[in-house]
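Colleague: I grabbed these lines from TrEMBL:
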TRANSMEM  57-77  transmembrane segment
DOMAIN    63-546  domain 'K+ potassium transporter integral membrane'
TRANSMEM  97-118  transmembrane segment
TRANSMEM  187-206  transmembrane segment
TRANSMEM  226-245  transmembrane segment
TRANSMEM  257-277  transmembrane segment
TRANSMEM  334-354  transmembrane segment
TRANSMEM  374-394  transmembrane segment
TRANSMEM  426-446  transmembrane segment
TRANSMEM  458-479  transmembrane segment
TRANSMEM  486-506  transmembrane segment
TRANSMEM  512-529  transmembrane segment
DOMAIN    563-773  domain 'K+ potassium transporter C-terminal'
Amino acid sequence: MSNATAEEDDIRVDIPMSDDQLKRNMRPILHKPYGSMDLVSVKAPAKHGSHSKDSNWWVVLNLAFQSIGIVYGDLGTSPLYVYPSIFSNGIKHRDDILGALSLVFYTLTFLPLVKYVFVVLRANDNGEGGTFALYSLICRYARVSLIPSQQAEDREVSNYKLELPSKRLKLASVLKSSLQKSQFAKIFLLLVTMLGTSMVIGDSIFTPSISVLSAVAGVKEVTSALTDDMIAGISVVILIFLFMIQRFGTHRVSYTFAPVLCVWFVLIGGIGFYNIIKHDKTVLKAINPMYIVEYFIRNKKDAWISLGGVVLCTTGAEALFADLGHFSVRAIQVSMCSMVYPALILAYTGQSSYLRQYPDEVSDAFYKSVPGPLYWPMFVVSILAAAIASQAMISGTFSIVHQSLSLGCFPPVKVVYTSANHEGQVYIPAINYILMLACIGVTAGFKSTVKIGNAYGTAVVFVMTLTSSLLVLVMIMIWKTNIFLIILYILTIGFVELLYLSSVLYKFTSGGYLPLAFSAVLMIIMYVWNDVYRRKYHYELDHKISPARLKEISANKNMSRIPGLAMFYSELVHGIPPIFEHYVSNVPALHSIIVFVSMKSLHINKVPPEERYFFRRVEPRELFAFQCVVRYGYKDVREVAFEETLVTRLKEFIQEEILLQNQMLSTIGNNAEKGTEPEGEIVERNNDVANAKQVEEEIMQQEIEQLQKEWEEAGIVHMIGESEVIAKKEANIMKRIVINHVYNLLKRNVRQREKVFDIPHKRILKVGMTYQL
């Protein structure tokens, strides 16, 4: 069934009608209850009085301070390992240091500062950032989602609307139309998003490994007795401890992050300034980009290969965008420009100044350039900063997986909410242990920051390039940016990123393969799960129960009604799912009240609670059945008191339903008075209207009382499908492998549906279903 056909099944009751239409529809309204086509969105009272995060400068400065501890850990600790990665074979010419410094300066300026802080942050989704935020923006504007669960009412959610600055470009509509018509483009866009997500998750493996290993390696400055194996062992112990404390949540220690990293930035900036004054002030001339040209002329291929080390100065830049939801655009801009960027520039310049005097010490440039009295304080702070950088990436991975779960792009796993005050803080045990094992493997296997840097650079540059690709689509379709500015962005930022990408791919066999292999495995898992998820939705859509069949079930005298309220869970939002047909075919009894519940994720970060529940009555009325679509954003947390909330909203729906019916009846009465009918007919019609109102109000009161009684006395039974998914006999071999083996292997090793919904086991009834896809 197409999207258009599916949407035609849902017709709102507030469509304006002429007087003649109202008169023709009068008798059906008086004698016929709301049918299965009538949709009503139940809105709870909205909460007012909230203020924007950028409403005043005090709030901005407070958020800017907090962001230093969460956003910049990875970017801030990059001076630990950048120069050893650039000059992995030593410094061959003294002026190569100036070329490397110039490359670092312009890379930091163009990518983290210009691209992310001043361009990418604008492409936020109601304050949320990251790969899924960009994908959600594009899906909302161009309707490129592969699941046909869109409803016209979704666009009425307050957070759903997009502010379009201009409509001046024809290119935007052409691109939008092309994306909507092309199935290949939709799948490709989803794959790009999954690849970007996989690479960000890969970052959370390499960030702890390289940061902790670089920080611990500083102990070699005071003792030569420690070998590389011993340093790797100490790093592994720290990593295990770091992952073990994740279950307690970051909120218990996060208030210490910002002060520690502030001290870190003050120290690296201050030491950098000291080294510039003491060793070689002429390094400041590296601001001249001609030193980059001379560096490439001198070193040729080696200079191009060294770009894989230069790009490590941007590690964590994606976190500026991914962690935007915790802060604000203005706060991150303030913290980056006032503290982080100046401190990093001073740190790299100071190291360059030191290396101009001592080029042979490049393999440990960071600690060698620290003045003697500050060594131990710097060592302690660097360990803490590395742990904070790791913590930020690990927490970010939990958040990304949570978003993927919401959009059906990841197998169900247990999600623990670690803070009662901050709903975005989550802990996912399975992902935590997988990351821990991967980090231990990388650290113990490579034992060298240079080798880990090769792998790390690949993940960093891939994420940046994919973000730029999605950003260009946003620029064209949503922002409608001038085409010359788009071309300028591609020729500058895009060219630089592709140049770095070519360099890191050259190191494929030296560790660059690792993030690609990891991302490939993760992408296969995500795509297979999402593909079967979509196929199951289409199966339910094609096998939904017809209105005629519902009337048969309601009129069946052999079908007894038992006390209580039954909830049938399904992904389907258009029509009644086949699980109901399977149930009534095997069990000749129905509960007094039936609710078909669909949990639906929208391509927005949050759905306001007052706009979350969407009801319709299922005809015939005697069935006493409703369909409820519960809409969530990809950052939303499901309510603890879900049953209570749903019953409350259902009672509100019944009241609103009768209110709308009475309003229509009043309109009919008023139109009759204005007409040319005899006065006797007008009086009779008005009496009919008044009687109909009274009947409807009595029915409403009876239904609400029955709903409350059934809920309190008999309770709720949750009907969940126990699905068996198999490929059709005529399916090709690839489809049979994907569905029969890969998907079912994943399904056997993930959380069951009732655990995801957190439903008490004693109130669950599983209904077996076989999906032939």
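Here the Cβ of each residue, glycine as well, is placed from N, Cα and C on the backbone.
TrEMBL annotations: computationally assigned, not manually curated.
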Colleague: Return yes if the transmembrane segment (187-206) and the transmembrane segment (512-529) have at least 3 CB pairs under 8 Å (sequence gap of 6 or more), otherwise no.
Modeller: yes
Colleague: Which stretch from 57-77, 226-245, 458-479, 486-506, 512-529 shares the most C-beta pairs under 8 Å with the transmembrane segment (257-277)?
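Modeller: Going through each listed stretch, the top one turns out to be 57-77.
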Colleague: Do any residues of this chain, six or more beyond the ends of the transmembrane segment (57-77), have a C-beta under 8 angstroms from a C-beta of it, and if so which?
Modeller: 51, 112, 203, 207, 211, 214-215, 254, 256-262, 264-265, 268, 314-317, 319-320, 323, 326-328, 330-332, 334-336, 338-340, 343-344, 382, 385-386, 388-393
Colleague: If you average the pLDDT over the domain 'K+ potassium transporter C-terminal' (563-773), what number do you get?
Modeller: 80
Colleague: Which sequence-distant residues neighbour the transmembrane segment (458-479)? Criterion: at least 6 residues beyond either end, Cβ under 8 Å.
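Modeller: Hits for the transmembrane segment (458-479): 111, 115, 119-120, 123, 131, 134-135, 137-138, 141-142, 162, 164-166, 169, 171-172, 175-176, 192-193, 195-196, 199-200, 202-203, 206, 311-312, 314-315, 317-318, 321, 485-486, 489-490, 493-494, 497-498, 500-501, 504-505, 507-508, 512, 514-516, 519.
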